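So that you can see what the record holds, here are the features copied from TrEMBL:
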type    : residues : note
DOMAIN  : 6-120    : domain 'Response regulatory'
DOMAIN  : 136-201  : domain 'HTH luxR-type'
MOD_RES : ASP55    : 4-aspartylphosphate
Amino acid sequence: MTGKKTVFVVDDDPVARDFLGFLLEAENFAVETFDSAETFLAVCRSTPRSCVIVDYRMPGMDGLQLQGELSRRGILLPLIFLTSQGDIPLCKRAMLAGAVNFLTKTTPAEDILGSVREALRESDRMCEQSNLIQMATARLSDLTKRERQVMALAIKALTSKEIARHLNISYRTVEIHRSRIMEKTGAVNLFDLSRIVKASGFNS
C-alpha cells in the first residue's frame with residue numbers, strides 16, 4: 001500500500017462502486033471496493049488513515065450490522081453510510097453508533113468528498129488516541145501493586161504524608177514509590193501522570 005489515504009467502498013451495486021471509485025481516485029485516494037459486508041469483514045482490520053463508505057441496504061449483512069460487527073471486533077474505521085433514500089430513524093441509529101455521516105446516493109460529489117475528508121480526519125484522531133492508550137497501558141503495566149496504590153492516591157492530590165497514613169507505610173517509602181512511578185511511566189509531573197492514567201483507563 002502506498003502512503004495515500006485509503007477509502008474502503010462496500011456496496012452491492014457495481015455502478016455505485018465504480019462511481020465512487022472513480023470519484024475518489026480522481027482525488028488521489030487509494031480505493032478498495034467490496035460487493036458485500038461479508039467480503040469486507042473477511043479481510044478488514046484497523047488501518048491508519050482510512051475510512052469506509054458503506055451502503056446501508058445490502059443483501060445479507062446490512063451497513064448497520066457491519067458497523068456493529070466492526071465495533072465488536074475493536075476495528076477502528078470511521079464509517080459513512082449511503083442509502084438510496086433518506087431514512088431518519090436509521091440515520092439516527094447510525095450516527096449514535098459513531099457514524100461520521102449518513103448520505104443519500106443523490107448527494108453531490110463534493111459533499112461526499114467533504115464527508116470522506118472528515119472521516120479521514122476522524123481516523124487520524126482515532127489512531128492517535130489508540131496509540132496513546134497503548135502507550136499508557138504499557139507504561140502502567142510495569143508498576144507493582146503497591147505502586148499502583150500510591151499512584152491512585154497521588155493523582156487524587158493526596159500528599160505523601162497523607163498517602164503514608166492511608167496505606168499505613170512510612171513517608172520515606174511513599175517517596176520511593178512515587179519516584180519509581182514517575183521513572184517507570186515517564187511522567188514529568190503529576191499532571192502528566194494523571195493524563196497517562198486517564199488514557200489507560202486505569203481503575204483504582
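Heads up, the Cβ atoms here are built off N, Cα and C, so glycines get one too.
Where the annotation comes from TrEMBL, it is an automatic prediction and has not been curated.
Keep in mind that what you see is a predicted model, and the values were worked out from it rather than measured.
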Problem - Mean per-residue pLDDT computed across the domain 'HTH luxR-type' (136-201) - result: 92
Completion exercise
Row ASP55 (4-aspartylphosphate), column other C-beta within 10 angstroms, all chains, value 24
